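A.B. asks: Dumping the structure here so I can ask a few things about it.
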Amino acid sequence: MKRNNPFLTGLALATGLLFLSPVLYSIWMSFQTAHAYYAGGVEFTAGNYLRAVAEYKFARYLLNSIIVSGLVTLLGITIATMAAFAFARFQFRGGNLLFGAAVATLMIPSHISLIPNYLTLAKAGLLDSYAGLILPSVSNGFAAFFLRQYIKGIPKVLDEAAYMDGATPLQVLWRVIVPIAKPAIFSMGLYIFITEWNNYIWPLVAVGKEDFYTLQIGLARLYRINPGEGLVDWPLVMAASTLTILPVLLGFLLVERHLVRGITMGAVK
Amino acid sequence: MLRILTPYMLVAPLIAFIAVFTYVPIFESVNLSFRHWDFLSSDMPFVGLENYRLLLASRDFWNALTVTAIFALISVPLRLGLAVVIASYLVSETLPSRLLRGALFLPSVTSAVSIAVVFSWVFSTDYGMVNSVLTWLGFGKVAWLQDPQLALWVLIFVNTWKQLGYDIVIYIAGLQAVPQELYDAAAVDGGKRFHVFRRITIPLVMPTTYFLLVISVIEAFQVFTIVNIITHGGPAGATDMLVNLLYRVGFELFDIGRGSALAVLLFIFLIVLALIKSRVIGRRVHYEA
């Protein structure tokens with residue numbers, strides 16, 4: 001690594017802050033009273049957050065987002081890992097065809113299934129439910145593909161040794177493959193979580209009752225129920241927006257560190 | 001016996017979900033696109049190609065196609081052009097470069113709804129950040145989101161702001177694969193910075209460019225969230241892109257037949273692009289090997 005130049009570091013920081021200034025300013029705005037904001041003054045308050053939570057149920061939306069994204073990630077990564085293990089380690093009739101079908105979903109634009117999925121869940125009585133929010137997002141062809149590649153790179157002798165000791169395939173998957181593939185599973189899970197957290201169009205069509213709003217829907221509605229241009233309560237809206245961004249932002253900062261650690265560990269070895 | 005069944009049991013959940021929520025819906029969409037249905041009535045008569053005919057005869061469809069095409073035509077080259085230049089500056093593993101990369105990358109993992117809401121404020125006429133700066137500089141206020149000539153440009157700007165960091169990260173990966181000797185040789189020959197960029201960087205990241213080109217066109221044709229929130233397709237249809245039209249026809253007008261016909265057309269177009277993409281990726285892998 002080259003020596004750090006303080007001037008360049010400052011320049012990079014300034015450019016980055018300028019680039020992110022709309023978001024940073026919106027966070028700043030979320031801590032201002034509406035009165036002070038429109039009068040051009042500065043007056044700090046946590047009131048916008050309290051109102052978002054008390055008047056507009058943002059605590060509930062936050063919980064819904066956590067439940068939905070969490071379960072989509074858990075279910076999605078579980079079935080993708082199981083399938084990836086089968087595709088990587090077993091020769092079975094139709095295996096290539098099924099793998100092809102899973103990978104082909106990468107090319108299929110999700111909008112084709114929007115109306116039919118809405119009808120399916122309406123018929124099943126699952127609109128306005130966690131199941132309705134979760135089920136259509138569970139399968140993930142990309143995760144299955146990615147994890148299969150990763151598992152293929154794990155030496156097969158490890159499986160064979162376990163089978164010799166009398167392990168069942170599920171035990172091999174759980175005791176041998178999963179621990180080794182943990183970094184890949186973790187990053188894939190993170191990717192699924194972020195994607196689902198930010199999902200907008202599906203919750204928009206699948207949910208009408210406020211009890212099942214995710215943060216994205218809650219924020220969009222809060223922004224839209226404001227009477228119109230000029231009358232939007234921007235500090236309140238920005239508090240809601242900050243609540244929506246924050247978890248991913250914190251996760252990103254955390255994982256950045258993990259990524260850097262991973263890189264340096266690899267370099268030291 | 002159990003050993004033969006094992007792989008099937010392992011793949012069954014994934015395949016079941018894919019079948020129910022991805023493959024069956026394709027056939028269902030095609031079926032619905034041949035029917036007339038308003039979601040409320042109990043019968044859905046077969047009308048053949050009527051929905052397609054109506055769609056192709058409507059001004060809304062051609063408007064949406066034109067607006068989407070303009071959006072793609074401007075935003076994609078803009079993104080890739082900016083990204084390749086910035087990436088060539090940020091390719092080094094120094095602290096400033098890593099900081100800036102992080103800042104630029106952040107929006108691509110951030111909620112599109114939040115970004116859309118924040119930029120609705122940034123471009124709002126009375127209290128917006130942009131107009132505040134313009135006023136401070138002595139210019140008048142601009143009605144960014146109410147002017148049909150400007151609203152699409154705002155969306156192009158927001159989309160570029162959101163996606164740029166992703167393009168940069170991909171370009172950096174592409175650039176790191178370029179052998180350093182080529183740059184060293186150019187330095188020995190006294191190559192000017194711009195010359196090196198044009199003669200070495202651009203041609204060598206061509207596979208990355210192809211890849212990004214196809215996926216950003218695919219993305220551009222699926223833009224929805226920022227349209228739905230910032231402009232709602234307006235003013236006067238100036239930003240009414242294809243998926244926004246699909247959402248309006250299907251879920252606001254409840255014309256399931258015509259909505260499905262639009263979904264099928266979009267599907268065919270995007271599948272063709274995706275097939276091009278998979279060939280491009282194939283070539284890219286070959287190139288790197």
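Each residue, glycine too, has its Cβ placed from N, Cα and C.
Sharing the feature lines straight out of TrEMBL:
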type     : residues  : note
DOMAIN   : B:61-277  : domain 'ABC transmembrane type-1'
TRANSMEM : B:7-27    : transmembrane segment
TRANSMEM : B:61-91   : transmembrane segment
TRANSMEM : B:103-123 : transmembrane segment
TRANSMEM : B:256-276 : transmembrane segment
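Could you tell me the structural context for the features on the list?
C.D. replies: Long-range contacts of the transmembrane segment (B:7-27) within its own chain (CB-CB distance under 8 A, at least 6 residues past either end) are made by residues 267.
Sequence-distant contacts of the transmembrane segment (B:61-91) (same chain, six or more residues past either end, CB-CB distance under 8 Å): 55, 97, 100-101, 104, 152, 155-156, 159-160, 163-164, 167-168, 170-172, 174-176, 197, 201-202, 205, 209, 212-213, 216-217, 220-221, 223, 237-242, 244-245, 262.
Away from its own ends, the transmembrane segment (B:256-276) comes close to residues 26, 29-30, 32-39, 44, 47, 50-52, 54-55, 61, 214, 217-218, 221-222, 242-243, 245-246, 249-250 of its chain (Cβ-Cβ under 8 Å, at least six residues beyond either end).
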